[in-house]
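Worksheet for the structure shown next.
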Amino acid sequence: MLPFLPEPSLSYTQQNRTAVLLLNLGTPDAPTAQAVRPYLKSFLTDRRVVELPKWLWYPILHGLVLTLRPKKSAHAYEKIWFKEGSPLEVYTARQAAALAKRMPDLIVRHAMTYGNPSVADVLSELKAQGAGRLLVIPMYPQYAASSSGAAVDKVCEQLLLQRNQMSVRTVSRFYDDTGYIDAMKNHILRYWAEHGRGKKLMLSFHGVPQKHYDLGDPYPDECRHTAKLLAEALELTEDQYVVSFQSQFGRAKWVTPSTQDLFGKLPKQGVTELDVFCPGFLADCLETMEEIALMGREQFYEAGGKSYRYIPCLNDNPDWIDALVALAEENLGGWR
C-alpha cells in the first residue's frame with residue numbers, strides 16, 4: 001500500500017485555487033441506533049474528547065456506552081430531525097452555501113470532524129478542484145481542545161497523507177470577534193421584539209471536564225468573556241443574565257454552574273421567566289434543540305418556572321453570514 005494518497009491529474013500551475021472549509025462536530029447519517037453507534041464510536045474514541053487510557057475507557061465504551069446510548073440518542077435525534085436531514089448538517093451546509101455566494105472566487109465547502117461529509121472526502125474533492133491553499137474555520141468561537149483541536153487534528157491527519165501538501169491556515173478562535181458579538185446582539189434583540197422577553201437571560205455553553213480547564217484549556221474563560229461582551233452589547237446588568245455549561249456526561253467533575261442544575265434552582269430563587277441562548281453553538285443541533293429547547297423547558301417548568309423561551313442559534317442569519325465573510329477575509333490575507 002502506498003504511503004500517500006494519489007494526486008489529482010493537474011499540473012502544479014493548476015493547483016493554485018483557494019478554498020475555505022467550515023468544519024463542525026458531526027452528526028449521524030440518520031436518527032437510528034444503527035447510524036448513531038458508529039458516529040458515537042468515532043467521537044468517543046478520540047483522545048481529544050475522552051482523555052482516559054484505552055485500557056480503562058474502552059471496556060466502558062464498548063461494554064456500556066455503545067450498547068445503551070445509541071438507542072437513547074436515536075430517540076432524541078428523531079425529535080429534532082428535519083426532512084432534509086440532521087439540523088446541524090442542514091444549517092452548516094446553508095452557511096457554507098451563503099459564504100460561497102458572497103465569495104464566488106473561492107471554493108467553499110463544509111465537513112464534519114466525525115461523520116459525513118468527512119474531512120478526508122472533502123479535502124480530496126478540494127484537491128481535485130485545484131485547491132492549493134486552504135483556510136480552515138472550525139465552527140467553534142471559543143477554543144477547546146476537544147472541539148477546535150480535534151477539528152484541526154482531522155485536517156492534519158489528511159495532510160500527512162498528501163504527497164503535495166496544501167498550504168493551510170486555521171482560525172483557532174473568535175470568541176471576541178466584533179461581527180460575531182454584534183450578530184448575536186441583533187439576533188436576540190429581534191427575537192425579543194417579536195416574542196417578548198423574560199426576566200433573565202441564560203447563556204448556555206457546552207461544558208468541558210474541570211480537569212481539562214485545570215490543565216490549561218482556555219475554553220471556560222473564553223466562554224465567560226464572550227458572555228460578558230454580549231451582555232454589555234445588550235446593556236444587561238449582572239443580575240439580568242447568567243452563564244452556564246451544559247451537556248455533561250460521565251462521573252468526572254465538569255465546569256460549573258451546570259445548565260441543568262440551574263433549570264431546577266432558578267425558579268426557587270424567584271426567577272420564573274427565563275430566556276436561553278447558546279452562544280457557542282453556531283448551528284442548531286441535538287444539544288440545543290432537544291437538550292435545551294425541549295428538555296430544558298420541561299425541567300424549568302417542573303421546578304416552578306412560568307415562562308421559558310429558547311432563542312435559536314445564529315444558523316444562516318444574514319448578520320452572522322456578514323460576520324463570517326469578514327472573518328474569512330481577515331484570515332485569508334494575501335490569499336485572495
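Note: Cβ is positioned from N, Cα and C throughout, glycine not excepted.
Going by Swiss-Prot, these are the annotated features:
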BINDING   His206, Glu287  Fe cation binding site
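For the recorded site, His206 (Fe cation binding site), the DSSP three-state label reads strand. Neighbours of Glu287 (Fe cation binding site), defined as other CB atoms within 10 A of its CB across all chains, total 19. Around His206 (Fe cation binding site), the C-beta neighbours below 8 angstroms that are at least 6 residues distant in the chain are Ala144, Ser147, Phe245, Gln246, Ser247, Gly280, Phe281, Glu287.
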